[in-house]
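Student: Quick one: this structure, given as structure tokens, is what I'll be asking you about.
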Amino acid sequence: MGFNLTLAKLPNNELHGQESHNSGNRSDGPGKNTTLHNEFDTIVLPVLYLIIFVASILLNGLAVWIFFHIRNKTSFIFYLKNIVVADLIMTLTFPFRIVHDAGFGPWYFKFILCRYTSVLFYANMYTSIVFLGLISIDRYLKVVKPFGDSRMYSITFTKVLSVCVWVIMAVLSLPNIILTNGQPTEDNIHDCSKLKSPLGVKWHTAVTYVNSCLFVAVLVILIGCYIAISRYIHKSSRQFISQSSRKRKHNQSIRVVVAVFFTCFLPYHLCRIPFTFSHLDRLLDESAQKILYYCKEITLFLSACNVCLDPIIYFFMCRSFSRRLFKKSNIRTRSESIRSLQSVRRSEVRIYYDYTDV
């Protein structure tokens, strides 16, 4: 689902063909570039993905355990739980890429990546993006429109909307799996598009445009909600000082969402523009293609890092999550420490009066 940046790596046969073609003009340049390219693919990327795989398993495993003990009392918590599920599924695709890039799997192992792993990776990445947009809308409604249509605030509406998101993403993804039905050979295995049927190639292109539109829509929603909440808080803080502090926390929360979104997803989608909306990558020379390839893989890695940054959203935005985390780790927040100290002092005073009465 989406452009197979994890798999279609500036097709190796084309890249090596260009290098061998130019080998008569440059004695050591192409070989050096090929070595650097191979080291980046077989060492750097597998190590990076292994790091975020381990980190994501630990962080999201902890998040699953904590959310398991939190009731679905608000739509916000339910959206967060959906993001945890999407992140975990996305994380489980990393080992397949690590094995393939490190060269441990057989040559036909890439067929599994093209047909299944890549589809799951992108499907869950865009599922997370959609739920980040829904969280921003939820924060906007809670702050700016707290007395709006009650149906939009109900947990039932949230569950129905979440199911619709998963169904739509599944409908977009399944044809990419079914229509990747070509017979893998050593000649076509380097390009996932060659493993698709003609209809599969068209469907893949259509889904790529849909995903790009989804990203742009969520980007506009995030920016719009952040600006609207900031302006509303700025106006209300002059009139209702007591309520402004609570609403300012909502503004800080959505600021975390915007920061994670811009850090993880914006660079990748800016880098994929030449691949999505034109054939600019085919018009570039060899060195420019390599630069674009490195940028593409680095920004894709940033997108994958979202599975490690989402737990930050849970901690800063979900009070129930942070309280449960502190409770299980025997760490007290500042407010809890103050309340505990006040309780101890009251009990000491009570004991003193009981003693003096005797």
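Here the Cβ of each residue, glycine as well, is placed from N, Cα and C on the backbone.
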Student: If you check Swiss-Prot, which of Cys164, Cys192 bonds to Cys114 via a disulphide?
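Tutor: Disulfide partner per Swiss-Prot record: Cys192.
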Student: Would you confirm whether, in Swiss-Prot, Val44 and Glu286 belong to the same side of the membrane?
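Tutor: That holds: Swiss-Prot puts them on one side.
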Student: Would the transmembrane segment (117-137) count as touching the transmembrane segment (298-318), if touching means at least three Cβ pairs under 8 Å and pairs must be 6 or more apart in sequence?
Tutor: yes
Student: Short question: most Cβ pairs under 8 Å with the transmembrane segment (76-96), which of 48-68, 160-180, 257-277, 298-318?
Tutor: 48-68
Student: For the topological domain 'Cytoplasmic' (69-75), give me same-chain residues lying six or more residues beyond its boundaries with a C-beta closer than 8 angstroms to one of its C-beta atoms, as numbers and ranges.
Tutor: 81, 138, 153-155, 157-159, 320-321, 324
